[in-house]
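Chemist: Questions regarding the structure given below will be posed in turn.
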Amino acid sequence: MWWDERVSARFRRNLQPTLTYWSVFFSFGLCIAFLGPTLLDLRCQTQSSLSQITWVFFSQQFCLLLGSCLGGVFKRTLAQSLFALFASSLAISLVFAIIPLCHNVVVLAVVMAVAGLAMGCIDTISNMQLVKIYQKDSAIFLQALHFFVGFGALLSPLIADPFLSDTNCILSNSTANASSNLPHIRKSLVPHHPGNLSHYDLPMKGMVVTRVSYAFWIMALINLPVPIAVFFLLYKERMVPCWNGSSHPLLSADELAMETRPVDKDELSTPVQRPQAAAGHDDLLSCCQSRNFRGASYTYFAVHVTGALVLFMTDGIVGEYSGFVYSYAVEEPLSVVHKVAGYLPSLFWGFITLGRLISIPVSYRMKPATMVFINVVGVLITFLLLLIFSSSVVFLFVGTASLGLFLSSTFPSMLAYTEDILQYQGCATTVLVTGAGIGEMVLQLLVGSIIHDRGSYSFLVCGMIFGCLAFTFYAFLVFFHRMYPKPSPELDDASPDKAAVPDDTGQYQR
């Protein structure tokens, strides 16, 4: 194997939980990408207007953010975390099955809100648990985790595509003009910004003819093995109440770290360290409690804030670029044919997935800080070149692929880097996931408003500004990292790097 025996041994010992968390993140990806292409068919199903149906986007994104903030509530025991993942992954399958039955846009928005809450919990808990298992070795496994998001995000539109309506799915006397422009309308739909599509007259009453229900039922079946895998993990750990042979006391949050250290005199002589470690990885509300601030240096807060701001910008770029690159391409001066421009979002997400796959072996050889530096500099240079060659259709495709590659590994690398700075005792996972979610939602809305007022060229200008801000915040993070207090010798001796040996006795802890 291309990694060393120590990491390989640790992976083999934690094979089932690691694969389970990866599969749950596949559910996350499957659910995050289906709404865009299917939105017009769902508009027909609910017989709503374009402006009404785009609020379904908001309900999902807002509740995803809310779920990310509250996901840390379930960190207190491994049982709570796994039950939350089981409920969340099962809820996604149920959502896929229920969506075809939603014939009112408000009901659909509520169902998508439930999906958003489930996705937020999955996002926080899966990242958090993998960090607990592998700690200083977590970078490579986080890269793999986020690859499965991209894989799911690529798969769900492919499943939906054969069932999408080629003509307007509400039959009435005024469907001819709208039907001929349906592919353009479909690719231009982004949250709250049907924008320049408002002049298309899409009927709201008439006979509904859509086969999109089959796509959702197929996705529900594809996702069904995921909650089953989580249930098997619960069963293996004897956490299913009715099949539990003997009761096991649930351990503290610190003892949930799934890679245990060899017991030695240092382990027995440092009991005061346990409450400190248990304070980490809380939900966002618990992280803000004053008890977590006592004795903490200003660099402790600065690392959390600057790390979250970097992801606020980079994940915001992912949201705004994937949402508006099609609209930018079909407008002046590029005026790309609608069908050709439709490949741009798929190219972007395809290279994000490819980049995450490439980052799995790269992250083993390269430090997370170096990877984040390459990512933010690459994003900055790509936007600069996109601005310089703004009249080139060829470079738009090249720049889209390049941007996807550089953005692909930013989140897992930043998460591994920030947790490493804080010695896995802060609230980095929750704060970073929340910051990324806010950025993806806020910057997409902001850029949509700016494009509507200033024109399509502002799309690249905004991306350039966001890239500059991401690089600036990263520079501040590196500065605060250098000022952050080094771990004490006792903590350093107990760190995973010191304790982990090829044949240690680490195992999955309850």
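Placed from the backbone N, Cα and C atoms, the Cβ positions cover glycine too.
Copying in the features that TrEMBL gives for the protein in this structure:
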TRANSMEM  21-40  transmembrane segment
TRANSMEM  52-74  transmembrane segment
TRANSMEM  81-99  transmembrane segment
TRANSMEM  105-126  transmembrane segment
TRANSMEM  138-159  transmembrane segment
TRANSMEM  214-235  transmembrane segment
TRANSMEM  298-318  transmembrane segment
TRANSMEM  340-358  transmembrane segment
TRANSMEM  370-389  transmembrane segment
TRANSMEM  429-451  transmembrane segment
TRANSMEM  457-480  transmembrane segment
REGION    489-510  region 'Disordered'
Chemist: Are the transmembrane segment (214-235) and the transmembrane segment (52-74) close enough to be called in contact, which here means at least 3 C-beta pairs under 8 A that are separated by 6 or more residues?
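Modeler: Contact criterion not met.
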Chemist: May I ask which of the stretches 105-126, 138-159, 298-318, 340-358, 370-389 has the most CB pairs under 8 A with the transmembrane segment (457-480)?
Modeler: 298-318
Chemist: Counting a contact as 3 or more Cβ pairs under 8 Å, with residues at least 6 apart in sequence, do the transmembrane segment (81-99) and the transmembrane segment (21-40) touch?
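Modeler: Yes, these stretches are in contact.
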Chemist: With pairs fewer than 6 apart in sequence excluded, do the transmembrane segment (298-318) and the transmembrane segment (52-74) have three or more C-beta pairs that lie under 8 Å?
Modeler: no
Chemist: Sort out the residues at least 6 away from either end of the transmembrane segment (298-318), same chain, that have Cβ-Cβ distances under 8 Å to it, and list them.
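Modeler: Beyond its ends, the transmembrane segment (298-318) has Cβ neighbours at 352, 372, 375-376, 379, 403, 407, 410-411, 414, 417-418, 421-422, 426-428, 431-432, 434-440, 442-444, 463, 466-467, 469-470, 473-474, 476-477, 480-481, 483-485.
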Chemist: For the transmembrane segment (21-40), find every same-chain residue at least 6 residues outside the stretch whose CB is under 8 Å from a CB in it, and list them.
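Modeler: Distal contacts: 53-54, 56-57, 60, 85, 88-89, 92, 95-96, 112, 115, 118-119, 122-123, 126, 129-130, 144-146, 148-157, 159-161, 164-165, 169, 182, 185-186, 189-190, 212, 215-216, 219, 222-223, 225-226, 229-230, 345, 349.
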Chemist: Counting CB pairs under 8 Å, which listed stretch among 138-159, 340-358, 370-389, 429-451 touches the transmembrane segment (105-126) the most?
Modeler: 429-451
Chemist: I need to check the long-range neighbours of the transmembrane segment (340-358): which residues 6 or more away from its ends have a CB within less than 8 Å of a CB in the stretch?
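Modeler: Counting only partners 6 or more residues beyond its ends, the transmembrane segment (340-358) has Cβ contacts under 8 Å with 33, 36, 143-144, 146-147, 149-151, 153-154, 157, 183, 187, 318, 321-322, 325-326, 329-330, 396-397, 400-409, 412.
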